[in-house]
Structures are given as C-alpha cells and as structure tokens.
Amino acid sequence: MRFLCNVGRAVSGWVSRTFRSTSSSAAALPLTADEPVTEHTPEDCPVCAHNEWDPLEEVIVGRAENACVPPFTVEVKANTYEKYWPFYQQYGGQTFPKDHVKKAVTEIEEMCNILQHEGVTVRRPEPIDWSVEYKTPDFTSTGMYAAMPRDILIVVGNEIIEAPMAWRARFFEYRAYRPLIKEYFRRGAKWTTAPKPTMSDELYDQDYPIRTVEDRHKLAAQGKFVTTEFEPCFDAADFIRAGTDIFVQRSQVTNFMGIEWMRRHLAPTYKIHIISFKDPNPMHIDATFNIIGPGLVLSNPDRPCRQIEMFKKAGWTVVTPPTPLIPDNHPLWMSSKWLSMNVLMLDEKRVLVDANETSIQKMFESLGIKSIKVSIRHANSLGGGFHCWTTDVRRRGTLQSYFL
C-alpha cells in the first residue's frame, strides 16, 4: 500500500517548498505564520477513504442555499428530461423556486444533525451567490450550486481530487470547497486538481440530436454523447470505489480522455475499469450501480450493467433494488426516481436511506443492514440522493483488493 502522508514536523513562517503537480510543473508555496502546513502519519491524515462502506468518520454535505437553474445549453439539454425543458428555458440563470429550496435546506440540515448523532463529523462548503454571471474567453454563464460534492470531489486513499466537470454552469463550483480543501492540505492531505477544460464549443456536439427517449437509447448504444473527446472532462460521481479497483462509466459528462487521465494518475496502485449500462441518459454512476459493501452491489434493473457477469464471476452479490416509491407529480428537475438507491453507507451495517422509501428499507433489512431514515424529497429535486449530497472525506479502513 502506498501512503501519501509521511511522518514529519510542522513547518510555519514564510517557507518555500516545492511540490510535484500532476502536470509535472513545480511551484513554491508561500505560507504565512498563521497558516502552517503539517505532515502527519497516515493514521492522522484528515483525508483517507478506500471504498464506499468502511466506517464513516467525516463527510462533506452540500448546500442548497442560492441554488440556480443552469442556463439551457446543449450539455444541460442532453442531461435532462424533455418534460422539464420548458422549465429550463423559462428559469435558466434564475434561482430554483424559493419555497422548494427552503424546504430542501431544512431537510439537509436535519440530515446533518442525524449524521452527527451517528458519530460522523460534518463539514459544509461555503455559501456563494451562484446567480452572478461570469465570462471566460470561451463562454458566458451563471453558476448553479454547491449541493452535490460527490460530483466534484473524490477521495482516493489520502488524496482528494477535484474533478474538472463538464457543465459550463459548474465551471467555478470548486470555489465553494476550496477553504475546506486547503485546510485538509495544510493538515497533511494530498490535493490534486484535474486539468480544467476550456469548455469551448469544441467540447460539445452542438448538433447532438435528442428528441425522444428512443433517440437517447440509440445514441448511447452507439457510444455517442454530447461531450466530445476535445479535452479531458469528468464528474467525480461517474467513479465508484472498491479498494484497489475503481469503476467508471463513459457518460454525458465524463469522456474517455477524462477516464484516461484518472487511469494514468492513479496507476499503478489502482485499476480503473470501464463499465457500461443500458441507459438512455448516462450521467453519474451511483443511481445505477452503487457498491454498498465488499462484493455487494445494488444494480438498477432499468439500467442493467453490460458487464454484470464479470462481477458474478468474481463472487460478488448483485442485489436488485425495488421500484422507487416517489410519486409521479414530485418534481425531479435533474434526475430520475432511482435516487432511492443513491444511498450513503455509514458502515457495512448502517445506511442513510429516504424515510419515504419503505420498500428499499425492507430490502436493506433482509441484508442485515440498519436503515437510518431521513426525508430529503425536496433535496432530491435538485438532482441527488444521499450519495450525491455527500463526499466521504475519511473512512476508517485499509486499502484492499475486492475484485478478481
């Protein structure tokens, strides 16, 4: 096992140190007296997670405050359902309905309280005004939110990786998390930012032909997506961890260049496996294929995994979750009902699950897993379940191999 935090001593005052970056460039880091960097033993490193189920000790939970509807650009259109397109066309660049957001904020606060009651340290991103318009040399946009840390941050061992993202409305989303990440870095964590894409027009198929669900199925089956291979891009939520093996899908927001960047960056300790699904709108793997324990995975019956036999041959147990109970009239502007399986494991025997989803609670009970119930129906509307709304910063465990 490779440890990324080493025994050392605290360094304070104005000091210049050289760190090797992922782009092979080096930079001197000035530190003020009140901002010391400390190197720790691996056991003391504030960032450490190897999988999705080891005992959870610290987590980042997103914020619904100031959430804005993204402008209705080609990449947003490709990732949303047709019935909501008029909503985006009317409200793009404006805040989500305020009453709905207020209820989502209340739900997430209760979720944080319950996590703390279960012994988990909860951290939050900074509140930011996402309605402010910004301009780069390649595009103009407003922001979206800092609700889904899973999309932008992934912890692999003692390293926290910032994903480059693929939506223009999420270009500056990292700013809400930087104070936390800098704190983790000063305390000994390794911090990597993946290459930031320009998000110029060349990254997107401007003529991506979406009209019906059938269109989406055909395009996905043909390996055609709204994002091109112009430059690397990925959302962290398209990756899911199982020790030395990490599984990823090519999706509307994660291209093969982004996957290859992660493969090279994490080699040789970690192996990246590309898997695919019968999914008309692939975006984020954790409501399709959610690993909840060593050799135990929830597999969405509506989006079967094309490589599922590979997991069965490896001795894994594949569990089919029940049909979600969320009503048809509940708005889900950015996701499907299958957020019911987008759960967060607190350890192998405890899971954070929606209080309204009694069917999946019974499924977990049959697996010997206790359901910690929280209602986040209004938070679901913003595009995520418990797994999406969180990034696990520290889980108590060791790096192991669970596959092949």
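Placed from the backbone N, Cα and C atoms, the Cβ positions cover glycine too.
Here the structure is a predicted model, which means the values were calculated and not measured.
Annotated features, as they stand in TrEMBL:
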type: ACT_SITE; residues: ASP235; note: active site
type: ACT_SITE; residues: HIS284; note: active site
type: ACT_SITE; residues: CYS388; note: active site, amidino-cysteine intermediate
For ASP235 (active site), the number of other Cβ atoms found within 10 Å of its own Cβ: 25
HIS284 (active site): tally of other CB atoms within 10 A of its CB: 27
HIS284 (active site) versus ASP235 (active site) - Cα distance in angstrom: 7
Rounded Cα-Cα span from HIS284 (active site) to the residue listed as 'active site, amidino-cysteine intermediate', Å: 9
CYS388 (active site, amidino-cysteine intermediate) CB neighbourhood, other CB atoms within 10 A: 26
